[in-house]
Ligand SMILES: NC(=O)C1=CN([C@@H]2O[C@H](COP(=O)(O)OP(=O)(O)OC[C@H]3O[C@@H](n4cnc5c(N)ncnc54)[C@H](OP(=O)(O)O)[C@@H]3O)[C@@H](O)[C@H]2O)C=CC1
Ligand SMILES: O=C1O[C@H](COP(=O)(O)O)[C@@H](O)[C@H](O)[C@H]1O
């Protein structure tokens, strides 16, 4: 692997501690970090290298998916880390940083390949990018890359402004916009599922698919992020990025041996085919919700407006469901239902593809069966399940066949994404075209929410969300799958439908 210096802005922060250090450590253990690797951590705090290294060590003990058993290995990992205090707005600090980087490069004989990872608030992105460019931190004798965390903008205009600013210092192919859902193994698998399986490929269109349901439900509430979340809501926090990325990954039809450019080109085509909503369409296709008090796992929990730091009359959305249409040759007429929310009954991210009934035959439901379904479990369980019908005692009976269940010892999203950024593979990062099209599609929803021209439905914490989201599907003759206990796949015998190969 190509030697590199990893320059981490926000090295003293929460994301670095919980995600970035553990990801780098697990890459190191798996032999997926370059032999010659240096990390320079940056923050305002006046830390020594030793203090920084011991913080990194502590974060590995607390957050790494692997238990730290080999102390020697961990020592050799943290020895690659150095710390320098830097104030983002102070240009002199970048000159000092350049010196530190060059000293380490010469000590370790590294070429000037530099990856700048911005694990700081979005208000700092443009200042950092321009200071990097102006201080000569990008060298003509090596490459430079910029990895940025979300949120990428607050709406369409601010995202465009941000991109314009960044592009003065970094070319598009040097910018890696993280969407951690794109790092999840099952989301990465979506590309292959259709491409590498002729059976699925043959069925993957409006000819056989009735509807697609994409759900990301969370049990957590707003936690300690009130200041951020109350201005953002589910639509910006999850829908504009993670949910639309999952839709793109499911709906693309890729040619064989596709390149990263093919993936991006086809994702862009999906976004271009999304039927736009006018502001006045929003109330017919979008459900906005906010949680009230309720109970989670038997414990009472507060409603959103009583959470610390949340405005008492907040109209912020903690839930959103929407019906989308992809108007292209493959998907015309197939509704995509998407929903995400906080303080829901379970933590689960999944995609359900519901197939149409057989032609010229009575409905399978009338005979005791159920529609054929393909369930793609993304998080926290990972797996694929196919629901078919069989006959038992003269009656149809749905059975669920577990096609794939991932082992627990698999890389986390951040490991996959950091590895790709280090090796220069942009496939699973959000290209500007996708981000812009996603903001464009979402903008009428933002406007309607801001103007309160759509109702804010309340739902009890611990429920499946507002009843109005059920009505969105019922109007088309469908319902959300796997919301009720008896439909749920439980790996167990009490499950009404469960039938599992090998169990
Ligand atoms: N935490 C998470 O789970 C997630 C975070 N994100 C995104 O990641 C980014 C970082 O989040 P998070 O780690 O939680 O934030 P924190 O507030 O925990 O950390 C912020 C970091 O920025 C540094 N910093 C702030 N201001 C300055 C400044 N003026 N000069 C130099 N350094 C500065 C801080 O260093 P110091 O205090 O030493 O000055 C600290 O290291 C944000 O964009 C967030 O939206 C995205 C997904 C999940
Ligand atoms: O980006 C975000 O994602 C998390 C949910 O991520 P997951 O991997 O646990 O599904 C969400 O809680 C957070 O609000 C949001 O900013």
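From the backbone N, Cα and C atoms, a Cβ is placed for every residue, glycine too.
Annotated features, as they stand in TrEMBL:
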ACT_SITE  242  active site, proton acceptor
BINDING   10, 11, 12, 13, 14, 15, 16, 17, 44, 87, 88, 150  NADP(+) binding site
BINDING   180, 184, 218, 237, 342, 347  substrate binding site
DOMAIN    7-189  domain 'Glucose-6-phosphate dehydrogenase NAD-binding'
DOMAIN    192-481  domain 'Glucose-6-phosphate dehydrogenase C-terminal'
Query: Which one is it: of the binding-site residues 180, 218, 237, whose Cα lies the shortest distance from the Cα of residue 10 (NADP(+) binding site)?
result: 180
Task: Go through the binding-site residues 16, 88, 184, 237 and pull out the ones with a Cβ less than 6 angstroms from some atom of ligand 2.
output: 237
- line: Cβ proximity for residue 88 (NADP(+) binding site), under 8 A, sequence spacing 6+, ordered by residue number, returns 9, 120, 124, 127, 128, 131
Query: Under a criterion of Cβ-Cβ distance under 8 Å and sequence separation of at least 6, what residues of the same chain contact residue 237 (substrate binding site)?
result: 151, 229
Cβ neighbour count (within 10 Å, all chains shown) around residue 347 (substrate binding site): 13
Statement: Looking only at the domain 'Glucose-6-phosphate dehydrogenase NAD-binding' (7-189), mean pLDDT returns 96
Message: Between residue 347 (substrate binding site) and residue 16 (NADP(+) binding site), how many Å separate their Cα atoms?
response: 24
- line: Cα of residue 184 (substrate binding site) to Cα of residue 14 (NADP(+) binding site), in Å and rounded, measures 20
- prompt: What count of other C-beta atoms do you get within 10 angstroms of the C-beta of residue 16 (NADP(+) binding site), across all chains shown?
  reply: 23
- line: residue 242 (active site, proton acceptor) sits from residue 218 (substrate binding site) (Cα to Cα, rounded, in Å) at a distance of 13
Message: Helix, strand or coil by DSSP: which one applies to residue 237 (substrate binding site)?
response: helix
- request: Around ligand 1, within a Cβ distance of under 6 Å, which of the binding-site residues 10, 14, 44, 180, 218 show up?
  value: 10, 14, 44
- request: Please report how many Å separate the Cα atom of residue 180 (substrate binding site) from that of residue 242 (active site, proton acceptor), as a whole number.
  value: 8
Message: Give me the long-range Cβ neighbours of residue 342 (substrate binding site): same chain, 6+ apart, Cβ under 8 Å, in sequence order.
response: 218, 220, 221, 222, 234, 291, 318, 319
